[in-house]
Amino acid sequence: MGNGERPPARRPDSSGSPPPAADAPAASNHPFSSHDTKHMTSRRLASRTAVAASLSALMLAACGGDDSANAPTAGGAAPLTPAVASPAGPTGSTPGSTPGATTAPAPSSTSAGQLSVDKMAFAQTHVVPSGGLSWTLPNASASLRPISRRDALVLVAIGQADAVQPVLEAWKDGAKLGALALSPPSALPPTESGGRAYANDRWSAVVPAAWMVPGVSFSVSASNYTSSVAQAPVFGTDADVQLTILPFYLFGADDTNSPPLSTTQAPDAATQQEIFAKWPTAELKVRTHPAGRFSLATVVVGPRADRTGAAQPAYPVTALDQQKDGYGVMSAMLTLITNMRTANGDGPLNNQYYAPLIALNSNGQFANLGGGLGGVGSGAAVGDHRYTGIFIHEQGHAFGLNHAGDEYAKGAYPYAGGSLSGSVWGYDPNHREFLDVLVPTTASSYAKCASSHQLDAQGRCYKQDPMQGGAGDQSSGYKFATFSDYNTGRMQAWIASRVLADPASSTGYSKWDSAAQARAPYTPTTDNNGLYGVNQNLPVQAGVPVHTIVVSFSKAGSAGASYIYPPFSYTGNLIATFDPTSAADRQAITVDKGTYPWYCKGTGCDYTLRVTYADGSRTYRVLQGGFRAWWTPTVDDANATNPLSGSSFRVWAINVPGDKRIGKIELLDTPMVWNGMPANPTVLLSR
């Protein structure tokens with residue numbers, strides 16, 4: 001864009017305080033969704049289907065405590081006009097078809113003596129036809145494709161009842177990769193909780209991840225028939241997802257009085273396997289943040305309404321029961337972890353951050369958090385340490401999912417009331433069983449689901465999506481409920497949209513090209529003239545010692561709300577930032593004239609961080625964003641000094657070089673610093 005073009009719409013700012021949404025539990029000032037529900041070696045989870053066969057995932061919304069309170073009633077909103085349906089897989093009430101989604105037709109033109117394949121699908125998170133699924137809704141669209149480079153259970157319906165010893169053949173570039181004997185329908189994996197069979201006519205085999213790649217086609221032959229017409233699946237991204245866990249121990253919580261780090265720093269192995277089974281990724285890598293944990297005695301909650309709905313100024317908290325509403329501390333911690341993720345250069349990448357919050361009340365007792373928060377599409381969420389329904393729901397928000405019932409009402413979710421009525425069935429490779437769209441008999445919600453769930457013609461309950469009251473709809477032995485095919489497709493789209501750190505790329509980065517079904521080299525660019533950072537805030541130095549510094553500041557002067565958090569140090573990344581003592585750096589961020597002319601134009605550049613190291617050396621960094629009126633960086637916002645407005649409060653996070661110990665951290669007042677650095681700037685805060 002040219003410097004003189006119309007300003008872009010203001011992006012919701014996790015550092016500041018956008019207006020709350022109408023359904024917040026208490027009016028909030030953060031663009032996040034809520035849900036009332038020691039350093040270690042990175043864990044890598046590749047696809048486990050083959051092993052299982054052989055051995056046996058910015059607006060505010062609120063949820064209720066156990067996730068069931070938000071389930072719609074059986075007589076929910078009238079259905080929206082669905083996407084054009086083309087039967088090709090199981091329905092919600094009758095196994096064997098796919099309503100609500102458009103599927104690609106199977107190849108035809110079978111000749112005499114040639115085996116015919118009526119249906120071919122691949123079970124990974126869901127049973128998906130080889131051509132994928134797609135939806136066009138009044139206010140949204142989505143698709144779900146087979147996941148590239150992930151094992152799959154292939155399901156084949158053969159046209160001839162007398163086919164003998166059918167075999168699945170894989171081909172690429174005219175070469176045969178191999179063949180797999182198909183197991184008969186009688187050997188099809190069972191359904192969870194001993195439920196109804198998925199189908200009675202599907203032959204099956206486990207296809208290795210190496211064959212589940214673009215360019216591979218599959219055909220079926222038999223000893224008494226020649227090979228069928230080949231089908232080439234349309235694949236989705238082969239990207240992995242890295243899940244980074246950073247536990248926050250708050251208000252004196254430690255291993256002696258609270259769940260220890262050994263249990264909070266990562267989900268256990270079985271839970272990691274179940275997360276992988278639910279998320280449409282080729283690989284799941286779980287790691288504890290290299291800092292281990294973040295221990296805080298004080299947390300600053302930004303301006304927000306209390307439990308009665310009355311607006312409150314920003315305030316410090318030193319015990320969980322001091323917060324004035326149920327989401328105050330969670331909101332503050334979500335802002336911190338979101339900004340820390342950006343400061344570490346992880347913002348555009350294929351990763352998710354989750355922060356278990358371990359907190360004490362004023363009596364020194366461990367406090368039950370009772371919920372979580374997730375920034376919609378932000379890649380970050382906070383919640384409890386149990387890694388159950390709260391976790392999977394909040395990370396759903398981090399993937400870009402809103403509450404499914406709300407989205408259905410807005411024409412952006414295809415199934416009534418946020419249910420799975422119309423979704424294809426799911427599949428779990430760890431248990432090696434199908435996941436019905438109906439609530440199983442062993443689910444905790446089963447006995448009373450009729451009063452809160454959508455019902456089929458026989459009065460049976462459809463599952464709710466985890467983004468709308470689904471917790472409790474899973475079979476005994478599972479931690480997580482089943483996502484709909486539609487929401488899984490949206491998670492796949494989020495993953496496909498991410499930048500991948502890719503050593504095989506000439507630029508070091510790649511992105512998935514959906515049309516080409518391949519990764520393409522990606523060159524980072526600076527969008528919007530630097531309005532939201534340089535080169536998408538990707539690292540300029542990676543794997544180096546860093547100190548992360550977080551500062552909260554109340555321009556209204558709210559008591560205790562201006563605070564420099566204790567820094568923490570680890571091996572991380574540095575993104576492009578600017579030194580206001582450097583004339584070249586000041587020129588680069590000069591409003592409307594510099595190399596990055598919009599870097600300071602949004603809400604100003606009026607504050608500088610000065611870090612003095614133990615050896616006496618110093619580093620200075622401009623803190624982007626402040627309290628100016630949008631697109632008028634020389635004039636204060638009308639609410640900049642209103643203590644009840646989010647516009648008076650900001651949280652910055654920045655990484656600085658960590659090769660030396662810090663002696664002092666100071667926040668300096670440097671108005672319109674692109675015009676020049678004051679010789680003796682006022683020190684606003686010091687630590």
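In case you wondered, yes, glycine gets a Cβ from its N, Cα and C as well.
Record features (Swiss-Prot):
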- Glu394: active site (ACT_SITE)
- His393, His397, His403: Zn(2+) binding site (BINDING)
- 233-501: domain 'Peptidase M66' (DOMAIN)
- 1-45: region 'Disordered' (REGION)
- 73-112: region 'Disordered' (REGION)
Looking at the binding-site residues His393, His397, His403, which sits with the largest number of other Cβ atoms within 10 Å of its Cβ?
His393
Including all protein chains shown, what's the count of other C-beta atoms within 10 A of the C-beta of the residue listed as 'active site'?
32
C-alpha spacing of Glu394 (active site) relative to His403 (Zn(2+) binding site), in angstrom:
10
